[in-house]
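Pulled from Swiss-Prot:
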- G14, A15, G16, K17, S18, T19, R120, Q156: ATP binding site (BINDING)
- S18: Mg(2+) binding site (BINDING)
- D36, R60, G82, R139: substrate binding site (BINDING)
Amino acid sequence: MAEKRNIFLIGPMGAGKSTIGRQLAQMLGMEFIDSDAVIEERAGADIDWIFDLEGETGFRKREERIINELTQNQGVVLSTGGGSVLSKENRNVLSARGIVIYLETTVDKQFERTQRDKKRPLLQTENPRETLEALAKVRNPLYEEIADITLQTDEQSAKLVATHIIELIDNLQ
């Protein structure tokens, strides 16, 4: 990669965005930023608390401001929250300011990776698998809409996915 363009990772919860993002940033010598972590740091509270207090709408407004700010940086690998693509504004800034990588995963793998994670407010339901299926139905077309590259992450290590991303980005330029 001659120039260090921004790389934005999108996809559902449990796709590996944060893990792969850290690996990718390390391999490229770039800064890694997790938008959810920045939201929590700025709010002084975790996401489930923000959801409880402000609802999903309040959280999404925070997320929109943070993503707009973070995408103005140069040479970063940014991992976004699974629902960030619900905002047209987020989709626009992600598309305009970097290379968008959609990390795709099956609902089965998502469920396996997230079932013990209590920090996922949208999964604190009677039937989390059904919730994941409903989210996928709405969000997957939005991920596909803005993705420059799509990669399946189900049975691959973070290092292997990061290596594939680097190869594919090199081919884009």
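Every residue, even glycine, has its Cβ placed from backbone N, Cα and C.
Positions of the features from Swiss-Prot, shown on the structure.
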residue: A15; record: ATP binding site; contacts (Cβ under 8 Å, 6+ apart): G82, L103, E104, T105, Q110, T153
residue: S18; record: ATP binding site; contacts (Cβ under 8 Å, 6+ apart): D34, S79
residue: T19; record: ATP binding site; contacts (Cβ under 8 Å, 6+ apart): A158
residue: D36; record: substrate binding site; contacts (Cβ under 8 Å, 6+ apart): I47, S79, T80, G81
residue: R60; record: substrate binding site; contacts (Cβ under 8 Å, 6+ apart): G83, L86, S87
residue: R139; record: substrate binding site; contacts (Cβ under 8 Å, 6+ apart): P12, G82, G83, V85, L86
residue: Q156; record: ATP binding site; contacts (Cβ under 8 Å, 6+ apart): H164
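DSSP classifies R139 (substrate binding site) as helix under the three-state reduction. G16 (ATP binding site): 23 other CB atoms within 10 A of its CB, across all protein chains. Residues D36, R60, G82, R139 make up the record's substrate site, and a Cβ search at 8 Å around their centroid adds M13, E63, T80, G81, G83, S84, V85, L86 from the same chain. Summarising the substrate site geometry, the residues cited as binding it (D36, R60, G82, R139) extend over a maximum Cα to Cα distance of 17 Å. Secondary structure at G82 (substrate binding site), as computed by DSSP, is coil. The Cβ neighbour count for G82 (substrate binding site), using a 10 Å radius and every protein chain shown, is 23. When Cβ atoms from all protein chains are considered, those within 10 Å of G14 (ATP binding site) total 23, not counting its own.
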